[in-house]
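Trainee: As annotated in Swiss-Prot:
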| type | residues | note |
| --- | --- | --- |
| REGION | 90-111 | region 'Disordered' |
| REGION | 129-205 | region 'Tudor-like 1' |
| REGION | 212-281 | region 'Tudor-like 2' |
| REGION | 291-299 | region 'Linker' |
| SITE | Pro325 | site 'Histone H3R2me0 binding' |
| SITE | Gln328 | site 'Histone H3R2me0 binding' |
| REGION | 331-335 | region 'Histone H3R2me0 binding' |
| BINDING | Ala461, Gly462, Asp467 | DNA binding site |
| REGION | 464-467 | region 'Required for formation of a 5-methylcytosine-binding pocket' |
| REGION | 476-479 | region 'Required for formation of a 5-methylcytosine-binding pocket' |
| SITE | Arg489 | site 'Required for affinity and specificity for 5-mCpG sequence' |
| REGION | 615-649 | region 'Disordered' |
Amino acid sequence: MWIQVRTMDGRDTRRIDSLSKLTKVDDLRDRIQQLFGVALESQRLFYRGKQMENGHTLFDYSVGLNDIVQLLVRQIPDSFPTKHKECELSDASAGCGSGQRDSDSGSGEGAMDVDGQSISIIGENVGTSLYKKNDLVDARDLNMGAWFEAQIVNVSKKVGPYGTLPEVSDTSVTSDAIIYHVKYEDYPENGVVQLTCKDVRLRARTTLPWHEIKVGQVVMVNYNPDEPKERGYWYDAEILRKHESKKIKEIYAKVLLGDAGDSLNDCRIRFVNEIYKIEEPGSTYLNTESPQKRQNGPECKHCKDNPKRACRMCACCICGGKQDPEKQLLCDECDLAFHIYCLKPPLSVIPQDEDWYCPDCRNDASEVVLAGEKLKESKKKARMASANSSSQRDWGKGMACVGRSRECTIVPSNHYGPIPGVPVGTLWKFRVQVSESGVHRPHVAGIHGRSNDGSYSLVLAGGYEDDVDNGNEFTYTGSGGRDLSGNKRTAEQSCDQKLSNMNRALALNCSAPINDKEGSIAKDWRAGKPVRVVRNSKGRKHSKYAPEEGNRYDGIYKVVKYWPEKGKSGFLVWRYLLRRDDYEPAPWSKEGKERIKKLGLTMQYPDGYLETLASKEREKENKTEDEPIDSPSKGKRKRNSDNEQTAAKSIPKKMKVASYKLTLEQKTLIKQDVLNAKLWSEVMLFLKEGPKFVNKVEETFLCICCQEVVYEPVTTECHHNICKGCLDRSFKALVHSCPACRHDLGKNYPLNVNKPLQAILSQLFPGYESGR
């Protein structure tokens, strides 16, 4: 097993070989120290967001083959001299740095720092301040640009960090230097907000009649940018045009969204009888007795702020009651309210914690692994046979234990028949690669299937000594009858086999009624369910049809018959006769060998495997060169040039791959898919690369939501292909934009399926739509 270690900045990546699943993190740190030269105490290792700690193994962190572990070099702080620290302490005690405290203490009623500038609170009036303490004003919300009714609670002036405070009577203080501390009347939870003069003005109190509203006039109107037909908040607006008929009055205006210059053009104002005049600065101050309050849009769209109506959105989400607001808790994650007596279990008092989370959002603190902590015990791994075994054998070096690095999603796991893009004759070095391709999913088991459905694939490996393999037809012995307790992979036959589990699954593929006593023979064997067959090099000792190395996909077979009999071990076993039924030629035939050459099918290795072998060979060569020669040899030593020539000969030449051939119907469907013409022009360039064409189609037409080949594709106006089901779920969540580029599609966007694209994908990936 090997992994890659990459520095956090991504500049240096090294491969570490000869590892095991049971390798300790402590040992991994030693290997990293040898490669990177980073001290042990300076290493911080991360894998999938977890910090790896000593005492655990790679298996505990589920580190897979060729996975990347990130290395962060811990910076050790420099130690300051003791004299320097004593000097700092003595300076502080002697009054060094006390100028800031003096200035703070001499800043009147109090001082604070905002945006790097000092604000000194003076009191009720500051120089040329337009408004005084307790004045009723309109204050602008800096995020929305809307105006809300507020009251001034204090006034201050702003000076630089090193400036001196002018006198209160100094008239040179400009309005921009005045800070108003206001409190919104309807939103006391926001506290006191500091605003400048441009965001504060006198409370609007004059409604304009229809005849006084002029085109070009700037007034204050009620508008809802999200729902224009509903009541919203109060914005400044410039009148664009007005129209009056016998039944209706219409006003269109440009709504101004704040001081930044943003605006909404040609907006229809619904509430034409509630248009306010903007008060000029310097007008008569309002008294504390406010005029009639303006009406804003409801905070809750569900209950329209009706106090008598129960609502689980703006009130307690359990009972919906609006009583006892002082006994409600607001979840800091989902923002839903809860009565303390509605919780399970109920609370007697409001908790004093700064943050509170509801039962659905709260994380179990006992399951959270903090940085520097050991991993929690996994119940799943504790039940494994390896956890209870007393054997000291290192089982973690085998390729069957590394786990899949990818998974086949083109077709579901219960797919019958060939896998799209995997031709007959494909070779893999290890069984885990066969699992990743989807041809045979189990890593170790010989039969893949379900006892109530059938068998999807099987592997011919070592098998039984009395199995017969004739290539196009072979006998196969079922599974079971062996004691595989603990972590054993194989054992001698010790009891009779039963027609259950995988044996029954393989029997269901036979086109005959199931019979668990005598077996059955198919009248029409071709009508049975197809089984994908993979031959392993371990079967070479029994069969000449097995590959010399690795695993080979040999095509589709059908079960002709199955029957029970006593094997050489003396116990009852179930035997199956399978016969080849595939239009692709067998890989051992003359036609099959020519097809393999045309398609350029060669042995497939895991990522990093060849590099690992090369590094091991270099290590062996270095060791042999470093070994002292005890006695002179009569033979001549080979020159490096000879070694290089032999190495060059061992590298296979790149074969010319046969082009992928499309049928006439497929070419017609591609031409009909006009919306994806640009994508198809790029994909068609891969026709000359044979089987890679199918992989390119899969990569190009991948749904960005489900990360699988699009099913019932909807080609958007921005030329992205999304599954109809995925886009429909997005629309139900009120997200009406393209998932790929966020282009606004609108609420009423039609979800029309691209039928030519669906047809061509169904032909290139037969069976991929099952289970979607």
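Quick reminder: no glycine exception, Cβ is built from N, Cα and C everywhere.
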Trainee: What else in the chain is close to the region 'Required for formation of a 5-methylcytosine-binding pocket' (464-467), if you only count residues 6 or more beyond its ends and a Cβ gap under 8 Å?
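Mentor: Same-chain contacts beyond the ends: 474-477, 542, 567-568, 573.
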Trainee: Around the DNA site formed by Ala461, Gly462, Asp467, which additional residues qualify by having Cβ within 8 Å of the site's Cβ center?
Mentor: Gly446, Leu460, Gly463, Tyr464, Asn536, Lys538, Gly539, His542
Trainee: Could you pull out which residues elsewhere in the chain have a CB under 8 Å from any CB of the region 'Linker' (291-299), counting only those six or more residues past its ends?
Mentor: 148-149, 185-186, 203-205, 222, 224, 230-234, 274, 276, 305, 314
Trainee: Closest to Gln328 (site 'Histone H3R2me0 binding'): which of the binding-site residues Ala461, Gly462, Asp467, going by Cα position?
Mentor: Ala461
Trainee: List the Cα distance (Å, whole number) between Asp467 (DNA binding site) and Pro325 (site 'Histone H3R2me0 binding').
Mentor: 79
Trainee: Minimum Cβ neighbour count within 10 Å among the recorded positions Pro325, Gln328, Ala461, Gly462, Asp467: which residue?
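Mentor: Selected from the recorded positions Pro325, Gln328, Ala461, Gly462, Asp467 on minimum Cβ neighbours within 10 Å: Pro325.
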Trainee: Looking only at residues six or more beyond either end of the region 'Required for formation of a 5-methylcytosine-binding pocket' (476-479), which have a C-beta under 8 A from one in the stretch?
Mentor: 445-447, 458, 460, 463-464, 466-467, 497, 499, 501-503, 506, 567, 573-578
Trainee: Mean pLDDT, the region 'Tudor-like 1' (129-205)?
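Mentor: A mean pLDDT of 79 is what the predicted model shows over the region 'Tudor-like 1' (129-205).
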Trainee: Specify the secondary structure state of Asp467 (DNA binding site) as given by DSSP, simplified to three classes.
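Mentor: SS state of Asp467 (DNA binding site) = coil.
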Trainee: Could you give me three numbers for the region 'Tudor-like 2' (212-281), the DSSP helix, strand and coil residue counts?
Mentor: 1 helix, 36 strand, 33 coil
Trainee: Would you mind reading off the Cα separation of Ala461 (DNA binding site) from Pro325 (site 'Histone H3R2me0 binding'), to the nearest angstrom?
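Mentor: It is 71 Å, counting Cα to Cα.
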Trainee: Distance between Gly462 (DNA binding site) and Pro325 (site 'Histone H3R2me0 binding') at the Cα atoms, whole Å?
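Mentor: Computed Cα spacing between Gly462 (DNA binding site) and Pro325 (site 'Histone H3R2me0 binding') is 73 Å.
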Trainee: For the region 'Linker' (291-299), give the DSSP counts of helix residues, strand residues and coil residues.
Mentor: 0 helix, 0 strand, 9 coil
